[in-house]
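**Q** The structure follows.
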Amino acid sequence: MSERLTIAMPKGRIYEEAAELMQKAGYELGADLDESRKLILDFPEQNIRVMMAKPMDVVTYVEYGAADIGIAGKDVLLEQDRDVYEVLDLKISPCYVAVAGLPDQPLSRIAPKIATKYPKVASDYFREQGEQIEIIPLNGSIELAPLIGLADRIVDIVSSGRTLKENGLVEYEKIEDITSRLIVNPVSYRVKSTEIEEMVSKLSEVMEEVNA
Amino acid sequence: MAKRLMFEKPLGMRDTLPFFYNQKQKARQRLSDSILSYGYSFMDTPLMEYHETVGKVSATLDQQLFKLLDQQGHTLVLRPDMTAPIARVAASQLKQSEFPLRLAYGGPVFRAQQAEGGKPAQFEQVGTELIGDHSSYGDAEVIALLVESLQDAGLENFVITIGHIGFVKAFFSDVLGEDEETTETLLQYLYRKNYVGYREAVKTLPVSEDKKQALLQLLTLRGGEEIFGSSRSLARNQTCMQAVNELKQLFRLLKDYGVEQFVQFDLNLISHMDYYTGILFEGYAPNIGALLCNGGRYDALLPSFQLNASATGFAIHLERLVEALSEQADEDDRIGIIVDDDTYTNGIQKAKEWRLQGHSVLLQHRDQIPDVSAFKDQLSKTIDLTAEGGADDE
């Protein structure tokens, strides 16, 4: 009898793509799971249990071992620096982290302020550039900050660039490409290695087909 | 900062209440019985050490050290592990002793607080150090003893994953030559468990397709003894071959000890960036999300204390072990004797008799008990010597 795997799935935007990938790999989760209010769902015939989590929290569940496996954005992995195995690039929901701001606005020379929901990514990036900056942490609608003079620049996820454009902002530098990753708890990686290996190899096959 | 409320403790610090204390005590006792049975001697070192000495050479990252100043202005650290202090002792007070040394320890270590829960700043490690034996026999003894200790503590289900940092480094130097920067980058990816990053980095390297394939193949070197064959075909230089032979011999010896079913191999395992020098290992148990124990061979530590010796050892995270055991609470086997002014003398006598027979006995004046039946309920047995109690209560 193989051991049951608990998978933390991201609710919202990424869910559909992630579920489709899982389905191609032979794990039938159902596309409408996301709409249900249930947070934990059992699939006894496939020997898996699915937890529906906020994308930002998937990594936390996996690090603490509440879930064996999870699907999480690289942005969250960069920001939170958690002790998990990053085993597979699922190449879904591609976007990138970038620095943006009002056009032709030089950085303030005394204390440049950066508004972001990725304080670590932003400060790491500017430190590498040799700039000392101050972080203004925000949770959403980051684009507001430069418009109302709260910050010189923002560091945020860009997918199509439409939000930036509609608010009259321009992209200054790209920091890093982002896709969703398959992550594994370090203990589960060892004690449930057979089951995890099976899932990873099924998913990698799907990935190869997709990319072929 | 907000004023501290009276019940608060520093971040990451925990109290050990009687129930957990007993569980810990029991696990600690069982571990030390098995460690003693292998001829190891227990010792202890101070909680504080100089940052310049033990702090600098310990395997714990500098930002994780608790630092404080003594009255002369020296920076001190709360010991972050026991290996470095024991190396200090082995290289000084014990250097005239007969080597190999077999030393053991059990005590609290400190790692700087982290804001999140589940990451205590103080925890207890029980472990061993075998100093002055550089053979596979030493590695095997330490791993076998680790397995037996965990079993004796009552843990049935666990896995020890064994790697070899010497193999990985020799393999990289064979494929990448003197390119230390790339070697460092790839090692970092493995250390950070980021296999996606590792694969991406390999793809962009300016080396031949064959070499890229070899670098990617490294990621597949995990499993049972079957990996020795494939590691051999990847290993192209003498040092790699020697590392694979060491692993093979280790596995043979672990079979002799009869503990091979608890081990698996993973040549990507890098527990620490530059501490271990040969075979290294980590242990895990289901239901606890974090590392249970770890260890390995460290040959560079003792030389930094001016003793030229090779050493290997393990450390078990005691609180996590207790969590993994998740044993039921023992029955409270204390006996209570309830007395009043008239029966107190008689009570002392009775209590003495029971204590001589090895029981824990508490003697309690009836006037001080708010609720007699609740008092009786918490004990395995009570004897009421007072007039209200009437006959003995069994």
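Each residue, glycine too, has its Cβ placed from N, Cα and C.
From TrEMBL, for reference:
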BINDING   B:Asp81, B:Met82, B:Thr83, B:Arg111, B:Gln125, B:Glu129, B:Tyr275, B:Tyr276  L-histidine binding site
DOMAIN    B:24-325  domain 'Aminoacyl-transfer RNA synthetases class-II family profile'
**Q** Mind looking up the mean pLDDT for the domain 'Aminoacyl-transfer RNA synthetases class-II family profile' (B:24-325) in the predicted model?
**A** 93
**Q** By a simple count, how many Cβ atoms lie within 10 Å of the Cβ of B:Tyr276 (L-histidine binding site), its own Cβ left out?
**A** 26
**Q** Using Cβ-Cβ distances, find the residues under 8 Å from B:Glu129 (L-histidine binding site) that belong to the same chain and are at least 6 apart in sequence, listing them in sequence order.
**A** B:Thr83, B:Ile86, B:Ala87, B:Ala90, B:Leu101, B:Arg102, B:Leu103, B:Ala104, B:Tyr105, B:Ala311, B:Thr312, B:Gly313
**Q** Neighbour count first, Cβ atoms within 10 Å, every protein chain included; then name which of B:Thr83, B:Gln125 tops the list of binding-site residues.
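**A** Sorting the candidates by Cβ neighbours within 10 Å, the top entry is B:Thr83.
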**Q** What kind of secondary structure is B:Thr83 (L-histidine binding site) part of, going by DSSP in three states?
**A** helix
**Q** L-histidine site residues B:Asp81, B:Met82, B:Thr83, B:Arg111, B:Gln125, B:Glu129, B:Tyr275, B:Tyr276: biggest Cα-Cα distance, Å?
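**A** Max Cα-Cα spread across the L-histidine binders: 21 Å.
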